[in-house]
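Take a look at the structure set out below.
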Amino acid sequence: LILNTKNLLHIEDGAFRNLPRLKYLSICNTGIRQFPDLTQIFSLEAHFILELCDNLRMTTIPQNAFQGMNNESLTLKLYKNGFEDIHSHAFNGTKLNQLILKDNKNLRWIHNDALRGATGPDVLDISSTALESLPTYGLEAIQVLNATSSYSLKRLPPLDKFSSLLEAVLTYPSHCCAFRNLRTEKQNSLLSIFDNFSKECESTMRKPTNEILYRDDSYNTSLWSTEKNTYPFATDEETSPYSYSDIFDDSEMTGFDFEYDFCQPKILTCTPEPDAFNPCEDILGYSFLRVLIWFINILAIAGNFTVLLVLITSHYKLTVPRFLMCNLSFADFCMGLYLLLIASVDAQTSGQYYNHAIDWQTGSGCSTAGFFTVFASELSVYTLTVITIERWHTITYAMQLDRKLRLRHAVPIMLGGWVFSVLIAVLPLLGVSSYMKVSICLPMDIETGLSQAYILLILVLNVVAFIVICACYIKIYIAVQNPELVAANKDTKVAKRMAILIFTDFTCMAPISFFAISAAFKVPLITVTNSKILLVLFYPVNSCANPFLYAIFTKAFRRDFFLLMSKLGCCKSQAELYRMNYFSAYTSNCKNGSSATGPSKASQALLLLSALEK
């Protein structure tokens, strides 16, 4: 034992030479800077233990560092040192039983060939290290892997490298998904045999004590049979001429506990197990969602980008409805970007998400996606509410032009919406809830009271917004239903358009809000896996429908679109037709206005509801 000798800075080569009876060597809490020469010990003991600990100035393990120590079983306890890297062939020439590298806080790199030339190890402990990857060579013999608190180890080597693994204690639950139902190589080779024996095993274990299992030498109809008063095939090999070893070699029996043992072969165990928020599946889970999400995000991006392009490049005056539509289209465009980001990452990690989960959920990608979706969702709901209130206000006060909403009023209103949406989207980045909880990057963390209040606030505000939208459209419908305001043949068309608008809002908000509120109170009614269906089929409904319902399906937008295309040399005849219709309608309105004291309420309502009627 060489312990607590801080002034010991160097051990000369050959200091440990020809020590055949040495079983245990401990060098701990010294000032040694260079790895000592241990290659001339030549111990003849069946099992040798080397302990190096608390040598904080020792930074590397060189090549062939342990060669010549012992030709039999070797346990290396190399913990709490200053190791930063382990070189190629560092463990060459050894038969490793256990390799303990835990608590080497600065250990970031193990050469891919560090275990080349070594047999084993059976046990590898790299807990509380800074390792970012494991070598791909030399892992085949590992039966127990301990990698707790190894937060930098975000990816595992190919699973076929762990051909003998029986127990894994890891840092991240997603890594256990890789080992789920993974059997060792020896188990796989013997499973067919065990499958054939399983029924006989179970029936034998249930037999009365006077019925025992014996080996049937005929091997024709059944490998096993039971007879009374025959030699017992039991655990007492002294009284039985037959034993398990008659059937299997010792090497084939490794990895199985025998009490009625081969009836129950060991299956790999892994902790921590995946939780409800991160089940063992890809980001989108269902295969059909992978197809739908691409269709939906392309529709949302293309539709909203087209609306933005047409409205921004239009030579007509920027009115309040146009301004609000620009904001709505931008919000829904951001939602399309979120869906595109989720779809892209899912396509890249399909089948191996367990190896990318940590990088994705803790990285900037998931935070960006989460910010996009919360910002887009809240700005879209806010803008939809403002558009609806503006329509209701304009119709209600159609005869009072001095109360008409102007652009100077709309700008600060929308500025407040932008500030609110950005603030709500930033809070999870500041620790109020989190985007890292689930693979789809929604703020589903409700562990703290503040996080729970945050989720409830968003949901309640969305429900209130939906109620306001419904109330305003009902009032608009009651107003335009008056035969003094709108002709009867317009009534049904207006009602249908309003019903579509309210239905799309309800389809988007209702299922999300219902299940989210129940989850916020810690009474989840739906799993994360099933919630992904809501994410793809219901959550982006508004983002896809809004550009069509509020812009693309209206005559005003089509006019602006064809005028823009005519500037590019396309659709000139359609543009000219819309231009003529516009000036004709403008001239007619001027004549009607000059022969009356003011615009009628009916004409105001028809003009203001053009987006609903066309």
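Quick reminder: no glycine exception, Cβ is built from N, Cα and C everywhere.
The annotation domain 'G-protein coupled receptors family 1 profile' is assigned in TrEMBL to 303-550. Predicted-model confidence for the domain 'G-protein coupled receptors family 1 profile' (303-550) is 82, expressed as mean pLDDT.
According to TrEMBL, the transmembrane segment annotation covers 291-312 (among others).
Same-chain residues lying 6 or more positions outside the transmembrane segment (324-345) and placing a CB less than 8 Å from one of its CB atoms are 283-284, 290, 293-294, 296-301, 303-305, 307-308, 311-312, 356, 360, 365, 368-369, 372-373, 375-377, 379-380, 383-384, 386-387, 390, 410, 414, 417, 421, 440-441, 536, 540, 542-544, 546-547, 550-551. The annotation transmembrane segment is assigned in TrEMBL to 324-345 (among others).
What TrEMBL lists as transmembrane segment is 369-389 (among others).
Residues or ranges marked as transmembrane segment by TrEMBL: 410-433 (among others).
Per TrEMBL, transmembrane segment is recorded for 453-478 (among others).
Annotation source TrEMBL lists transmembrane segment at 499-521 (among others).
The transmembrane segment annotation in TrEMBL covers 533-553 (among others).
Remote same-chain residues near the transmembrane segment (291-312) are listed as 284, 322, 325-326, 329-330, 332-333, 335-337, 339-340, 342-343, 346, 536-537, 540, 543-544, 546-548, 551-552, 557, 560-561, 564 (criterion: CB distance under 8 Å, separation of at least six residues from the stretch ends). Sequence-remote contacts of a segment are chain residues at least 6 beyond its ends whose Cβ falls under 8 Å from one of its Cβ atoms, and for the transmembrane segment (410-433) they are 320, 323-324, 327, 331, 367, 370-372, 374-375, 378-379, 382-383, 386, 390, 443-446, 450-451, 454-455, 458.
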